[in-house]
Amino acid sequence: MPCPTSMRSLLAMGLLACSTLVSAIRIRDDGDDSSSLHWPRCPHVWRGIGEELKHWFIDDEGFCSDLAAQAVRLPFHDCFPSGGCDGSIILSDECTARGENEQLIPICGVLYKISLDYGVGAADLINFAASIANKACPWGPYIPFYIGRKDNSTAADPNQIPPPTLDASDLVQVFQARNFSAIDVVALVGAHSCGANLTFVPFDTTPGEMDSPTYYTQVLTGSAPTILASDKSLALDPSTTDA
């Protein structure tokens, strides 16, 4: 599944000092030769971090783990608020003190420790982990990763993450204010295919896979284990039916 332009922009927001491809690390033995591309000129420390993360993110059965699903979501919660991709979600009390981040507390702790162990920026690490986690999930995309973001330990303003109760028109409007199209929103919400709700009920019957077509099919048919009101509205809205 290709990564929409706005999604790439969200993941790469900040100063771009150099770029590298997560595909330089063989994350999955899925027969995709692109995973063995050469490693471009970026600090070697990221290879070591990537090798550590892939062991956190792939479970014993070869599916992506709960931590991987959290890592996929974490950049959205760090980057979408007005502060942008600044690492504040793990450098301040955002992760532990805000209800919308409750499920992300485990990955916040893991990445905070890794940032200290390897001496890398939290903002860069959050986005690198998301790139690794996306490919750790079967069917997940390779997403280019860029380094050079500035960390900020000041918490972003609260109440900026869209609640799951919004209808499709309101949800799309919130994202359009940040230059996302309706198609981008559908692609981003499709990442729920590897996630779960606040009570850890998965959003579809294959939570260890990044298979948004299965997810949206189950949302439309009502066969998903649990369905967010915003996702149901998005799936049924005429403006997104061709997305």
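All positions are counted from 1 along the displayed chain.
A Cβ is built for glycine as well, from the same backbone N, Cα and C atoms used for every other residue.
What TrEMBL says about this one:
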- 1-24: signal peptide (SIGNAL)
- Cys64-Cys137: disulfide bond (DISULFID)
- 67-243: domain 'Plant heme peroxidase family profile' (DOMAIN)
- Arg73: site 'Transition state stabilizer' (SITE)
- His77: active site, proton acceptor (ACT_SITE)
- Asp78, Gly84, Asp86, Ser88: Ca(2+) 1 binding site (BINDING)
- His192: heme b binding site (BINDING)
- Ser193, Asp204, Thr206, Asp211: Ca(2+) 2 binding site (BINDING)
Ask   = Out of Gly84, Asp204, Asp211, the binding-site residues in the record, which is closest to Cys137 (disulfide bond) when you go by Cα distance?
value = Asp211
Request  = Using Cβ-Cβ distances, find the residues under 8 Å from Cys64 (disulfide bond) that belong to the same chain and are at least 6 apart in sequence, listing them in sequence order.
outcome  = Phe57, Ile58, Ala133, Ala136, Cys137, Pro138, Gly140, Cys194, Gly208, Glu209, Met210
Message = Quick check: which same-chain residues outside Ser193, Asp204, Thr206, Asp211 lie with their CB within 8 A of the centre of the Ca(2+) 2 site CB atoms?
response = Cys194, Phe203, Thr205, Pro207, Glu209, Met210, Ser212, Thr214, Tyr215, Gln218
Query = Which residues in the same chain, at least 6 apart in sequence, have a Cβ under 8 Å from the Cβ of Thr206 (Ca(2+) 2 binding site)?
reply = Ser193, Thr214
Remark   = For Ca(2+) 1, residues beyond Asp78, Gly84, Asp86, Ser88 with C-beta within 8 angstroms of the site's Cβ centre include exactly Cys79, Pro81, Gly83, Cys85, Gly87, Ile89, Ala123, Asn152, Ala156
Ask   = Which residues in the same chain, at least 6 apart in sequence, have a Cβ under 8 Å from the Cβ of Asp204 (Ca(2+) 2 binding site)?
value = His192, Ser193, Asp211, Thr214, Tyr215, Gln218, Val219, Ala224, Pro225
Query = Relative to the Cβ of Asp78 (Ca(2+) 1 binding site), which residues of the same chain, six or more apart in sequence, are found under 8 Å away?
reply = Cys85, Asp86, Gly87, Ser88, Ile89, Ile90, Ala123, Ile126
Query = Counting only residues 6+ apart in the same chain, whose Cβ is under 8 Å from the Cβ of Arg73 (site 'Transition state stabilizer')?
reply = Gln103, Leu104, Ala191, Gly195
Note = On average, residues of the domain 'Plant heme peroxidase family profile' (67-243) score a pLDDT of 93
